[in-house]
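Notes follow the structure.
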Amino acid sequence: MLFLWLYMFYSCAGSCAGLAARGSPAPPRAAPPLPPLLPGEPGEESSLEEQRAAPDAGSPISSFFNGSGTKRLPQAIIIGVKKGGTRALLEFLRVHPDVRAVGAEPHFFDRNYERGLAWYRDLMPKTLEGQITMEKTPSYFVTKEAPARISSMSKGTKLIVVVRDPVTRAISDYTQTLSKKPDIPTFESLTFKNRTTGLIDTSWSAIQIGIYAKHLENWLLYFPIGQILFVSGERLISDPAGELGRVQDFLGLKRIITDKHFYFNKTKGFPCLKKAEGSSKPHCLGKTKGRTHPDIDQEVVQRLRDFYRPFNMKFYQMTGQDFGWD
């Protein structure tokens, strides 16, 4: 009798617990916290929404890939330059099924290096075998410590630099700052240390970034020139498929992104995607891209062209490419 009573007790314990669990609603799960927002490079920053959606804004394709695969350190990085066209290049590249990229700029090798490689890897999207992990942070190109740090991570990292006429780039840089700080001094007054003597103020970042040859010398201490691809910001607008073809070859990818992916938006003045990654709708870069530049004194523009000319010539020699900026 005692045995029968114990048998009934233990049998009820399991089944009754299950009934109780089914009869009582489970307490609601707390929503997972949003990932910490990453600082953006002025001029190339991602919006709050973009950062929270990074890396891939929750498309069906992205959700599939994010559910499987492995987080890896990037095999390729777009390292520069600010206002050169890096955001456009990244958005175009993300159409390729074998490219997985972080949406927001990690700024690991310039601002967050002390957080460590494990932190950096955790920011990356998951990839399957044969896919390439990428990120872009335009300020790396002008950060003195960045080449050694990236080389320390992997000497085989492929680097991409999007360059643009340094005079136009400087004006674009200024235009963006002006949109945020309308009371800043004029472009002309910031350009010169002394306008009477015509001495250019190379300490102003808008001018300094465009001295490409100087920055490239630092990178060549750690990476061979063949491991760096230089993309023309001008040709990225006039012939996006052609430039993307070069990038895909450089990354060892099949040429999937072609003319059929682009259309030219006359209002914005640059190419847009017919279909963005994971979407069936056309996609153009946001309103912060393609701003109208202010009128700049043509004498100042010419002085800047004269200033940059020797640096441009050296850059052409170093890269083996004539970008035609004069």
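Every residue, even glycine, has its Cβ placed from backbone N, Cα and C.
Among C16, C284, the one TrEMBL lists as the disulfide partner of C272 is C284. Local packing around the binding-site residues S172, T292 was summarised as the count of other Cβ atoms within 10 Å of each Cβ; on this measure the leading residue is S172.
Put simply, of the recorded positions S172, C272, T292, the one whose Cα is nearest the Cα of K83 (active site, for sulfotransferase activity) is S172. Counting other C-beta atoms within 10 Å of each candidate's C-beta, the recorded positions K83, R87 are led by K83.
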